[in-house]
Number of protein chains: 2
Amino acid sequence: VNPDLASERQTASFSVESLTAWLDGGAERTRMRRAVVEAIEHDPTFSRENQYFQSQNERYEAAVRKAVYLQKKMHEMGWTEDGPEYKYIYRALAGDVAFLLHRIFMRSISMLGSDKQIAKWIPLASQYQIIGSYAQTELGHGTYLQGLETTAVFDTAAQEFILNTPKISAMKWWPGDMGRSATHTVVFAQLYIHGKCYGIHPFIVQIRSLQDHSLCPGITAGDIGPKMSFEHADNGFLMLQNVRIPRENMLNKFCEVQPDGNYVRWGSQKINYFTMTTVRISLISDEVVVPVMKACTIAIRYSVVRRQSKLKPGEQEAKILDYQTQQEKLLPQLAAAYAFHFINDYLQELFNRAYEEIQTKNFDTLPELHAFSSGFKAMVTQYCTSAVEICLRACGGHGYSLLSGLPSLYTKIFASCIYEGENTILLLQTARFLIKCFMAASTGQPVPPSVTYLAAGKPGKCPAQNKLHFLNPDIYTEAYQHAAARLVSSAAAELQNLIQSGVKKHDAWNQCAVQLAQAAKAHCHYITVKNFAETVEKLKTQAGIQKIMKHLCDLFALHGIFSNGGIFLHDGYISGAQMDMVTASYLDLLPVIRKDAVPLVDAFDFTDKSLNSALGSYDGQVYQRLYEWAQKSPTNKQMSPAYERYLKPLLQNKLSKL
Amino acid sequence: VNPDLASERQTASFSVESLTAWLDGGAERTRMRRAVVEAIEHDPTFSRENQYFQSQNERYEAAVRKAVYLQKKMHEMGWTEDGPEYKYIYRALAGDVAFLLHRIFMRSISMLGSDKQIAKWIPLASQYQIIGSYAQTELGHGTYLQGLETTAVFDTAAQEFILNTPKISAMKWWPGDMGRSATHTVVFAQLYIHGKCYGIHPFIVQIRSLQDHSLCPGITAGDIGPKMSFEHADNGFLMLQNVRIPRENMLNKFCEVQPDGNYVRWGSQKINYFTMTTVRISLISDEVVVPVMKACTIAIRYSVVRRQSKLKPGEQEAKILDYQTQQEKLLPQLAAAYAFHFINDYLQELFNRAYEEIQTKNFDTLPELHAFSSGFKAMVTQYCTSAVEICLRACGGHGYSLLSGLPSLYTKIFASCIYEGENTILLLQTARFLIKCFMAASTGQPVPPSVTYLAAGKPGKCPAQNKLHFLNPDIYTEAYQHAAARLVSSAAAELQNLIQSGVKKHDAWNQCAVQLAQAAKAHCHYITVKNFAETVEKLKTQAGIQKIMKHLCDLFALHGIFSNGGIFLHDGYISGAQMDMVTASYLDLLPVIRKDAVPLVDAFDFTDKSLNSALGSYDGQVYQRLYEWAQKSPTNKQMSPAYERYLKPLLQNKLSKL
């Protein structure tokens, strides 16, 4: 181990092993996770060794190979889909595995299909006798599902639906696993019966032959080509021309087309969006928080190995993590990784409560769940994408090399801001809920406990009198609450004003959209800070860990006030003098947390293989590994044909040496 | 042309052709630029058609091919390196061409070499009889040049320098054109004579044979492997083991080692950094501003073709550019593209003045030039990288496809924040200059005119009384000036305080670094706003253009205040009520500029080939082009071997249709 890195581990103010166990939810789970990771990583089938050198085709092949062998591996290891090990497998594979949309195909059948449909399709799918995809997005429509143009017309005589792509913009575009793998897909289409449109519904459609994988009649499908990342995924396009499917292929847990064309519904139309809601929540941990934790691990370890320039003349060059500017880049991202790990727990709980109710066909909590899953998906993905970007940039040139592992983390997490709902649209959905609740609360109607604070919004002043007061969670949580409530109420007032001055309701909404999105973000930021503070508060028993978590919570909160000063200063809730106290407390925290920075990322417990980074390995042998890995690049395998073709004719008549 | 895009061009408030001519510096230059672009784009040798599908090896080959054929093309067209057409060639090639570091090799010889050295090397290099690189950065050292570890020891007996890479961290790492192409390179190494170190100096070293391109004795070199972008560039590594070069190979315009080992210097040691200063300024236009202009063109054209959701129920779906949130994303980036186009002119002028002085061996303006080139390089690259990111994200999923052209613009401009000096380090260099000037100005000493405002910093209030006042350039320029002066003076005060309380000077500097970097950024932001306002002011003759430029200038300025509210609210210079006026004026400007958004990007005058974007073409045939291009992807060329190997065994025993 590089001595500069080793020395960082001597002085941890807490037990790394205990922190890991706490993050995992107990030492037993840590053991299980490690066993799963070890089983996967020691199997060469799942190696990611040459990943950074592979073409899109090679990465697709590797991803399919891994997905298929995973079935065998699970059988061999005695892991089941319901078992406790299951959730660690994806983390162990570190992402590049096929058939994630196949899982969403299965999930949508389980949620939206009848018992009969589940009994027919799920066993086939779970053994890969069929491979499914989830075809919702079209070339011309993403977030606005009502605008989807694919049609499914019920033919009473044949007892079939006839599916069509009426124009190019209606082509399904983006669905994963569809470009080259899927045999089946859930297609969302506008249902027409006797010429009347009943809105979008999900249909199971076979697209490729199970004998030779050729496209079925009426189907045009393929891969949409290269993307900024996800080289391993065969995101696809799909055109349907008079494709007929039996009546039984419409997913009909909540509604049905009866043989005579009669349409019956038992649940909310909104339940069709429920798959998306679950996906939004479930992606936060693996697709968003884990990448940030990895990026922090890589960047922080590198920053104590890298020495550059001198803090004092005559001394040895300093570790770059000893520069305040480097601390100010990385440590808030580390704090955010923890903050969002905890918000993920919070959302999971919210989801579990709602899911139980939905099982009893009670849809009352859907609006709150939808608003929260939307807003947090937007806020967390945006924050974390920016966090990974900061980590990458903080590693300078070497961060920019694929061998650092950071560009692939970054280009992948970047997509999370776009998929499963564009973030601005999602924030506006949250804003709509907040405005409704604010209106309701203002007139004394009941609102969910998470938003009762909106009613209490009024002018006030932050009571802090010195910089230490800003290390009191009540002080900063209150400030966030005040700011969120102010932004919601002032957006509501602005809306009111516009409407009263004669602007149509929809125009008024659009003219306030920037401020509404800002208010929704402030609400999510507030809940994140509050939840972090409460998590730390609950941690009474483990003093060493509680102390460092308290520092991280303070840092997360004060960084947010420092970086968004305008929101807090605007109405004088925080004064300029108090902002100087915030800045002082914030900057004071940096060297404190810096001391524990390496143990804090060690506690995330990533193996070298899962980081796949020349900069971030546990042993800190950064330069050796960069050199060793670079030599394996295909660009060094042989002399480029460019030499013979283009350079030799120019250079050849010279002496070998000038 | 897509009718939604066509209609946007009917209502331009100004002549697009006149704006283009003004941006080019006259209609004559526009004609010349177009002729160059046409000559290049009509030559299939320079095609970028399959760029998004190519491997790193293929892109390298294409880049070399283009660089070599370019010589012929120039001869054929009568273009010379000193001719007026030259600067349009790179823009026409749209980037992916080899031997840019070869140009920097030549530039460093021209600047740092004696007349004799220039006479020997430049003719060889300009005909590609040799290919050069510029080997400064090492594995262990980037920005901190004094820390470079490569050594060059003078051997008096042999009249040679002996170059060595004493350890792995001293390996040269990153130089472009070095991994596979270069035969020679300028190596920066610590000069030792009779055991005494004289600091870093540039040496010309041959690294590959001119007969068979094999590595020269003592040389280990190769490609550093895949990066986040720049697939076409062979960034390389280089190790030197007792490589001997003649005494004449040290570049000796400003200093020389005489035959007896006597060291003579005529210029400032800092002149060695001058190549970097010129590169920092010269990269702003082609590498930073042009990509932002392209990204705006793509995103804005797409945003009037893309219709999604409804502004009013019952109406047609709306163009996404009609949503306030989309305007708020894109239009400030458009304004920034113009702002930085003008700041580039400003910096070019500054550079030309300084360069003339240096020719006469007067180095007085170097500090100011260094401070400005550093700060603006940092501020402009960071702002513009974020601008391209916003454009990409504003195009949703389709933006994320490589076929949009946006990911390659983004991953490439991203590097500009890292190369040629890490941005934070650069901002701190600017801050050092500002603090010095502030101190000097405070004690009445003369300072350059650009920073005299620092002396005038004092408490005050913004005089604006309604939102229209914030459309007065004096009002907002003053606000920026006040904020910059306040941040510089308060960082200076904080430094003073720390030092007076006993903190060592270097520690104090580090403890203020976050605030110092913020102050430097505020200074550059202020100069950018001021320069934009002055440019608009000078534009008296062309009323239509002046009007829309005034709107863009207002938008750029108010967006900055809106987004960095804390800086302006902090000392009450702008009150909360005034910030509401800023917000109102800012949001009011969006629909005004939105009307001219398409003409404003049309005026950048990019050809479809140079945009190479399925989303951004002049005709707006977005969906058709995405579909057409996707079909060409190698992922659609044949069935993947993954089917036969992994999927068929699972699927094969089934009926073709379920």
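Yeah, the Cβs are placed from backbone N, Cα and C, and that goes for glycine too.
Listed in TrEMBL:
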| type | residues | note |
| --- | --- | --- |
| ACT_SITE | A:GLU420 | active site, proton acceptor |
| BINDING | A:THR137, A:GLY176 | FAD binding site |
| DOMAIN | A:15-131 | domain 'Acyl-coenzyme A oxidase N-terminal' |
| DOMAIN | A:273-435 | domain 'Acyl-CoA oxidase C-alpha1' |
| DOMAIN | A:472-652 | domain 'Acyl-CoA oxidase C-terminal' |
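Structure with TrEMBL features highlighted.
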residue	record	contacts (Cβ under 8 Å, 6+ apart)
A:THR137	FAD binding site	A:LYS172, A:TRP173, A:TRP174, A:PRO175
A:GLY176	FAD binding site	A:LEU100, A:LEU101, A:SER133, A:TYR134, A:PHE230, A:ALA233, A:ASP234, A:ASN235, A:GLY236
A:GLU420	active site, proton acceptor	A:MET276, A:VAL279, A:ARG280, A:LEU283, A:LYS377
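Look at the domain 'Acyl-coenzyme A oxidase N-terminal' (A:15-131): DSSP puts its residues at 85 helix, 0 strand, 32 coil.
Confidence for the domain 'Acyl-CoA oxidase C-terminal' (A:472-652), expressed as mean pLDDT, is 96.
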